[in-house]
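What TrEMBL records for 20-544 is domain 'Metalloenzyme'. Sequence annotations record features per position, and here TrEMBL assigns Mn(2+) 2 binding site to Asp28, Ser81, Asp471, His472. Look at TrEMBL and you will find Ser81 tagged as active site, phosphoserine intermediate. Under the heading domain 'BPG-independent PGAM N-terminal', TrEMBL lists 102-322. The substrate binding site feature in TrEMBL is assigned to His140, Arg170, Asp171, Arg206, Arg213, Arg286, Ala287, Asp288, Arg289, Lys361. Here TrEMBL flags Asp430, His434, His501 as Mn(2+) 1 binding site.
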Amino acid sequence: MASSGFSWTLPDHPKLPKGKTVALVVLDGWGEANADKYNCIHVAQTPVMDSLKNGAPERWRLVKAHGTAVGLPSEDDMGNSEVGHNALGAGRIFAQGAKLVDLALASGKIYDGEGFNYIKECFDKGTLHLIGLLSDGGVHSRLDQVQLLLKGASERGAKRIRVHILTDGRDVLDGSSVGFVETLESDLSQLRDKGIDAQIASGGGRMYVTMDRYENDWDVVKRGWDAQVLGEAPYKFQNAVEAVKTLRAETKASDQYLPPFVIVDESGKSVGPVVDGDAVVTFNFRADRMVMLAKALEYADFDKFDRVRVPKIRYAGMLQYDGELKLPSHYLVSPPEIERTSGEYLVKNGVRTFACSETVKFGHVTFFWNGNRSGYFDETKEEYVEIPSDIGITFNVKPNMKALEIAEKARDAILSGKFDQVRVNLPNGDMVGHTGDIEATVVACKAADEAVKIILDAIEQVGGIYLVTADHGNAEDMVKRNKSGQPLLDKNGGIQILTSHTLQPVPVAIGGPGLHPGVKFRSDIQTPGLANVAATVMNFHGFEAPADYEPTLIEVVDN
């Protein structure tokens with residue numbers, strides 16, 4: 001874990017005093033984007049955040065919350081709440097997503113984990129099904145990872161393997177799917193030469209089969225279910241390369257929109273339906289377009305479409321796709337093991353901590369903040385409060401969510417004098433933003449701003465310090481755009497709503513009566529990100545961060 005000279009004792013900051021109450025506010029899904037009518041943060045009445053941005057520009061800056069700044073492989077990878085809070089709490093950048101899978105495959109660690117051992121139980125008598133995007137685009141999956149997984153599983157007892165492919169043409173050139181299928185067929189042929197019954201069993205284009213997201217269109221998932229699980233599709237072929245070539249030519253569909261097909265034997269019978277006793281792995285590492293299929297595969301109580309037949313299987317994701325829903329419950333690659341988080345350091349240096357959010361983000365200010373670790377570091381110095389989220393409705397129905405209740409709990413904790421750090425997550429911008437309801441998201445942003453005011457007013461009363469930031473963008477851009485930034489329109493001339501996270505930077509605002517007047521943001525950090533926040537917060541508590549942490553965002557200038 002650490003070298004022989006390791007100590008939990010943090011050095012004192014030479015210029016910043018201890019003993020100030022620090023409020024740490026995370027506005028979930030609150031990025032910075034150009035001001036237009038699709039920027040709900042701009043449209044909403046947000047006088048508090050506006051005052052932080054415009055009132056003291058030297059104490060407001062932007063940081064990166066996506067891509068390599070949070071441990072994801074490329075700058076095309078949008079951040080999410082899990083990796084964002086990992087970075088905020090850990091103060092360092094840990095491999096996430098595809099990087100994590102690469103490391104697990106390279107070391108062989110993937111085959112020693114609970115997830116692989118769980119599906120391995122089916123290898124002797126059942127079939128191993130691999131479902132995912134066949135592409136080297138590196139956004140949702142990568143062909144080389146699938147090839148390594150096939151090799152590793154076959155070497156560890158998988159006797160019968162079926163691959164259910166989704167063609168890309170979105171993150172890679174349209175038409176390139178033919179080459180990917182040919183490569184996969186070659187690999188499967190080599191496995192067959194070794195006595196392993198390995199075949200492609202079904203396929204379809206990613207935007208038409210399986211890979212919908214945010215519960216936009218369950219028919220997409222149903223088409224995949226019918227082909228992959230039931231072995232039924234409108235098109236039947238004996239060869240997958242022929243299937244892709246023929247469907248592209250005859251239906252004029254691009255790779256993204258190929259209709260579902262199944263591979264059949266000479267008698268016309270599907271070669272690879274999923275049946276009792278089988279194992280299923282969804283091999284995409286990116287979560288957003290796998291969550292819906294994961295629900296269909298895992299949930300006993302499922303009503304989004306008629307599954308017709310629900311086989312008793314062992315299912316694992318490449319990763320866990322939703323940390324809040326704990327979905328899926330089994331996965332091949334575990335989250336990064338993050339030790340020595342800022343929360344643990346501060347508690348061990350006597351900083352009494354209060355953390356609060358509502359259910360949908362409670363784990364983010366506790367579990368993910370603390371390095372994917374449950375429970376308290378020292379329950380005599382910590383208190384975690386979860387406020388139950390609304391259930392049975394979509395978040396746009398009550399876009400205020402529990403912002404007021406979270407803020408009031410934080411205010412009471414600050415005014416009690418019992419805590420040195422009070423951290424909260426206000427989920428409104430993200431959870432309502434995901435619904436695609438622009439009017440409701442504007443209301444959500446206003447509610448979050450009002451909650452920030454309650455917390456900052458309490459900090460004012462106790463002479464404390466605040467840091468307001470976000471974990472990733474969402475509410476600041478609610479429309480899909482073309483390369484020149486203009487909104488994309490659907491076939492009826494309406495705007496195409498964006499319900500996902502964004503690649504936008506997020507703010508960091510600091511202040512409060514307890515902040516040393518000489519504190520200002522440094523200008524020498526080239527590309528600051530969320531991981532720089534931890535060292536900054538440690539400074540506000542009067543400590544220097546450990547040497548291996550990302551550098552603090554602030555410096556103290558003698559007036």
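Any Cβ shown, glycine's included, is placed from N, Cα and C.
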Non-local Cβ contacts of His501 (Mn(2+) 1 binding site) (under 8 Å, 6 or more apart, same chain)?
Gly29, His66, Met78, Gly79, Asn80, Asp430, His472, Gly473, Asn474
Minimum Cβ neighbour count within 10 Å among the binding-site residues Asp28, Asp171, Asp430, Asp471: which residue?
Asp171
If you take the centroid of the Cβ atoms of Asp28, Ser81, Asp471, His472, the listed Mn(2+) 2 site, which other residues of that chain have their Cβ within 8 Å of it?
Val26, Gly29, Ala65, Gly79, Asn80, Gly84, His85, Lys361, His364, Asn425, Asp430, Ala470, Asn474, His501
Determine, for the Mn(2+) 1 site, the additional residues of the same chain whose CB lies within 8 Å of the mean position of the CB atoms of Asp430, His434, His501; present them in sequence order.
Asp28, Gly29, Ser81, Gly429, Met431, Gly433, His472, Asn474, Ala475, Thr499, Ser500
Alpha-carbon distance [His434 (Mn(2+) 1 binding site); His140 (substrate binding site)] in Å:
19
Round to a whole number and give the Cα-to-Cα distance in Å for the pair His434 (Mn(2+) 1 binding site) and Arg213 (substrate binding site).
10
What is the nearest of the binding-site residues Arg213, Ala287, Arg289 to Ser81 (Mn(2+) 2 binding site), using the Cα of each?
Ala287
Residues with Cβ closer than 8 Å to the Cβ of Arg213 (substrate binding site), same chain and 6+ apart in sequence?
Asp288, Arg289, Val291, Met292, Thr499, Ser500
Which whole-number value in Å describes the distance between the Cα atoms of Asp471 (Mn(2+) 2 binding site) and Ala287 (substrate binding site)?
17
Given Ala287 (substrate binding site) and Asp28 (Mn(2+) 2 binding site), what distance in Å do their CA atoms have, once rounded to a whole number?
18
Quick one: give me the count of other CB atoms within 10 A of the CB of His472 (Mn(2+) 2 binding site).
28
